[in-house]
Amino acid sequence: MRTVLAGSRRAPGCGEGMFILWLVLLLFPGAPAQYSVDDLGGLGRMFDGIGAISGGGATSRLLVNYPEPQRTEILDYLFKPNFGASLHIFKVEIGGDAQTTDGTEPSHMHYPDDQNYFRGYEWWLMKEAKKRNPAIKLIGLPWAFPGWIGNGKNWPYDFPDVTAYYVVSWIIGAKQYHNLDIDYIGIWNERAYDIKYIKLLRYTLDKNNLEHVKIIASDNLWQPIAFHMLQDPELLRVVDVIGAHYPGTHAAQDAILTGKTLWASEDYSTYNDEVGGGCWARILNQNYVNGNMTSTISWNMVASYYEQLPFGLEGLMTAKEPWSGNYVVSTPIWITAHTTQFTQPGWYYLKTVGHLDKGGSYVALTDRLGNLTIVIETMSHNNSICIRPPLPDYNVSAQYATFYLQGSFKNLQELQVWYSSLDINNTKPVTFKKLSPLKVQNGSFTLQLGVNEVYTITTLLTGQKGSFPDPPESKPFPLKYKDDFSVRNPPFSEAPYFADQSGVFEYFTNTSDPGDHVFTFRQVLTQRPITWASDANQAISVIGNYQWSNVTVTSDIYIETPDTGGVFVAARVDQGGSPTDRAKGIFFWVFADGTYKVTGDLMGQTILCKGLAGVRARSWHTLTLHIDGTNAFGLLNGNPLWKEVVTGGPLNGWAAIGTSCFEFAQFDNFMIEVKDSE
């Protein structure tokens, strides 16, 4: 930790002064660089806030299944003001029924005549965010769309009025059913935009008295949207924010020339250790210093998905074990707090921001009511590498920095100090530690800055490093697990721990079945969605521990589609997320035409055995898949159907259920038994 020096001009005694000068020159050669903090020349851009994303996709899937009090604690670390990350902005995926990185999120309209504003968990998360911070800004953005939007094509813009209606219905539903006011809406995450659609979206919003909802475009690169806005006055008028992803702290000149608000509307996406914290610290400052971006939004908010899915642990914190209750408050939470706890949307950057002489950067913000916050970071190259884009080499060294307070701030006498040190060589990094107040003398103060440090210097007294008792110890997924889905009024549409990777699986009530299968788990998509990734043509939901090897998976199954329908249970499934279509494992299928097959892959191309099973649609059957070492066998309704199949594929992976295409099918009395040791 570095000392904080006041800006006194009192001359020390001769001997004392020579010793201090010698020490300073030895450790920090050169006179302290001087930096002005001044609002006399006007202010910079308005600060819009720091945010995070749930979705894109299913990144918060496991969070909803946490027990209390751990679930509330996690939400407090994310959203509660002056406690943890204290997020200003919360961006969610508008579920589109398709794979969007780590899973699928359900649409509020699976079909044209279907509207349900209680599917998934984003509604709940937005309400939890608002409960803690009523001022938090909400953003909705589609990654994918249900298939009917494209009328058979993998494209949402052939009928732009239909797409606009669909998106605006989500905004209206948020208000009508959850009393949530959506502040911003996006176009199509990291995919093509359509100028006609953007204009029609603005028209549809206004027609529905949603003039307050602002449009962000295009959630991809700066170009060509900035160029098109400069060429098209109407497009320039209807787009409120140009949002770019992973901009590397720089904005395109055309984007600046539009005069529009500029955001890093998705950034970070980095493993949440000290290097991830360093990445986040650097871009939170330098996105404005280098690129005039007034908001930076992290993908993702909380890594609450199975770690072996793509981009594991790339959230501001980690909550991937609802079965144990364990979670980890990671370094990026406290780096976020360095800015969010001492600013608010509506504050203004000063024009006096920039780079430090020996590496690093500083920003200064004010509420125009006399409050001042300065955030300083000295992240080295190797301690702040983000996932993208590549980071050019640069050097940072220890330094003194003297800040002169001028304008509205010249009479400040004392400032609060919060400090972090993220050096990867430290055995125990320091995060968000409150230091003694800094006495300002003669309008200045000097900081002795080391490498990989973050300082917040502020007039505000409200900061807090919130904490709870340690969560329970980490534990693997239980070796025995079962679910009969008998929940009359489920709080969420998905059953615990199932992570849909293609298709959508929901709790279902069979009102016409008075027997043992009134409450089931149903795959509900009947059409391939407008995809964001290379989705599988089969529906699949995974569950459990990726390290499982010797496992028995059992489920009652009900094929609803005569002749062509089919379902499976599986184990050792080795892929999820965007490459789900390439998943391998052991898949035990039965079909409505009376056949069965066992395959080594989800696509069904590697057939290990096949034959007749006598299964028909609209009748309940029980499938059991047993794998031990290199051998597998299967049971139908408790009787052997096939045996002595040599696996030959992945040695471990998740358990799974699914369907042979996008079709209605039901599952019940699901059970896993694992022989592996914990």
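Placement of Cβ uses the backbone N, Cα and C atoms for every residue, glycine included.
Straight from Swiss-Prot, the features:
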- E190: active site, proton donor/acceptor (ACT_SITE)
- E266: active site, nucleophile (ACT_SITE)
- T101, W143, N189, R388: substrate binding site (BINDING)
- C279-C386: disulfide bond (DISULFID)
- N292: N-linked glycosylation site (CARBOHYD)
- N371: N-linked glycosylation site (CARBOHYD)
- N382: N-linked glycosylation site (CARBOHYD)
- N395: N-linked glycosylation site (CARBOHYD)
- N425: N-linked glycosylation site (CARBOHYD)
- N442: N-linked glycosylation site (CARBOHYD)
- N510: N-linked glycosylation site (CARBOHYD)
- N550: N-linked glycosylation site (CARBOHYD)
- 1-33: signal peptide (SIGNAL)
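Here the features listed in Swiss-Prot are placed on the structure.
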residue	record	DSSP class
T101	substrate binding site	coil
N189	substrate binding site	coil
N371	N-linked glycosylation site	coil
N382	N-linked glycosylation site	coil
R388	substrate binding site	coil
N395	N-linked glycosylation site	coil
N425	N-linked glycosylation site	coil
N510	N-linked glycosylation site	coil
N550	N-linked glycosylation site	coil
*Which has the fewest other Cβ atoms within 10 Å: N189, N395, N550, the recorded positions listed?*
N395
_Using only C-alpha positions, which one of T101, W143, E266 is spatially nearest C279 (disulfide bond)? These are the recorded positions in the record._
E266
*Find the one among the recorded positions T101, W143, N189, N442, N510 whose C-alpha lies closest to that of N382 (N-linked glycosylation site).*
T101
_DSSP three-state assignment for E266 (active site, nucleophile)_ = strand
_Integer Å distance between the CA atoms belonging to E266 (active site, nucleophile) and R388 (substrate binding site)_ = 11
_Three-state secondary structure, C279 (disulfide bond) (per DSSP)_ = helix
*At the level of the C-alpha atoms, what whole-angstrom distance separates N425 (N-linked glycosylation site) and E266 (active site, nucleophile)?*
29
*Just jot down the residues in the same chain as W143 (substrate binding site), at least 6 apart in sequence, with C-beta under 8 A of its C-beta; none if empty.*
G55, G56, G57, E93, I94, G96, A98, T100, T101, E105, W188, N189, W532
*asked:* Of E266, N292, N371, C386, which is closest to N442 (N-linked glycosylation site) if I measure between C-alpha atoms? They're all recorded positions.
replied: N371
*Cα separation, the residue listed as 'active site, nucleophile' to E190 (active site, proton donor/acceptor) (Å, whole number)*: 10
*Across all protein chains in the structure, which of the disulfide-bonded residues C279, C386 has the highest Cβ count within 10 Å?*
C279
